[in-house]
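Student: I am attaching a structure below and will ask some questions about it afterwards.
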Amino acid sequence: MALIRVLASLLILQLSYAVTPFDRIIGGFECNEYEHRSLVHLYNSSGFFCSGTLLNHEWVLTAAHCNRDDIQIKLGVHNVSVNYEDEQIRVPKEKLCCHSTNNCTQLGQDIMLIRLNSSVNYSEHIAPLSLPSNRPSMGSVCRVMGWGLLTSPEVTFPKVPHCVDINILHIQVCQAAYPSMSENYLLCAGVLEGGKDSCKGDSGGPLICNREIQGIVSWGGFPCAQLLEPGVYTKVFDYIDWIEGIIAGNTSVTCPSDNF
């Protein structure tokens, strides 16, 4: 079912501290300590629940369904049980979603910008990721990363983020797996044979192609990494005008039409 990952994530969130909307990366490997400098750790009093991507000194990009009332953003994290000298913590100064009501709980356009309460200092473990300059090419090998589950449906969470390389697939592959989904503003990515995927806990994190963020982990099938059930990602390129407008201070900028 198209929304089953999100629903399962919400259920797990009630049961476990590290439970976020998606499991950990399936079929991947430990990320190098210095290759995820833009990856941020979103948590609250209940624990870790999502990831996000640092775009510049004061803006983070994540999924709208990662919205919470008491978000804290930790930057410069690798091993969650270790405190790093350059680790920094921020809270939202402002949260912006595509919906005219700023209702970040809708799943229609799963994208959210967080303006941080103070500027972030770049460091050995902290650096921004570039927005896409072009649309991703079909078949491109891209990397998704996060602290989500390593196994599914069994619950095994990592202390360090994991990475996995997957392919950009034709949107019809995901539409065949999830008949109710729209093709608007979404990317389909994974491997057709299964075994590699993002999952609960990876929500909001980046799908990186050629050192640019092309996707935001959104939803997919559950259990994760099944045959012919790729992941679904928010297509960042379709929101470039909105993202750049908001960051530039243009409060009148609008998202692509949400008429699906």
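Glycine is treated like the rest: Cβ placed from N, Cα and C.
Remember, it's a predicted structure, so these values are computed and weren't measured experimentally.
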Student: Select, from Asn44, Asn103, the one residue given the annotation N-linked glycosylation site by Swiss-Prot.
Tutor: Asn44
Student: So, in Swiss-Prot, which cysteine from Cys66, Cys97, Cys98 is disulfide-paired with Cys255?
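Tutor: Of the candidates Cys66, Cys97, Cys98, the one Swiss-Prot pairs with Cys255 is Cys98.
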Student: Name the residue from Cys31, Cys50 that Swiss-Prot records as disulfide-bonded to Cys163.
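Tutor: Looking through Cys31, Cys50, the record in Swiss-Prot gives Cys31 as the partner of Cys163.
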Student: Cys142 has a disulfide partner in Swiss-Prot; which of Cys66, Cys199, Cys209 is it?
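Tutor: Among Cys66, Cys199, Cys209, the record in Swiss-Prot lists Cys209 as the disulfide partner of Cys142.
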Student: Say which of Cys188, Cys224 is recorded by Swiss-Prot as the disulfide partner for Cys199.
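Tutor: Disulfide mapping in Swiss-Prot sends Cys199 to Cys224.
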Student: In angstrom units, rounded to an integer, how far apart are the Cα atoms of His65 (active site, charge relay system) and Asn121 (N-linked glycosylation site)?
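Tutor: That comes out at 27 Å between the alpha carbons.
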Student: Kindly state the mean pLDDT of the domain 'Peptidase S1' (25-248) in the predicted structure.
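Tutor: Average per-residue pLDDT within the domain 'Peptidase S1' (25-248): 91.
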Student: Among Cys50, Cys142, Cys255, all listed as disulfide-bonded residues, which has the most CB atoms within 10 Å of its CB?
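Tutor: Highest number of other Cβ atoms within 10 Å: Cys50.
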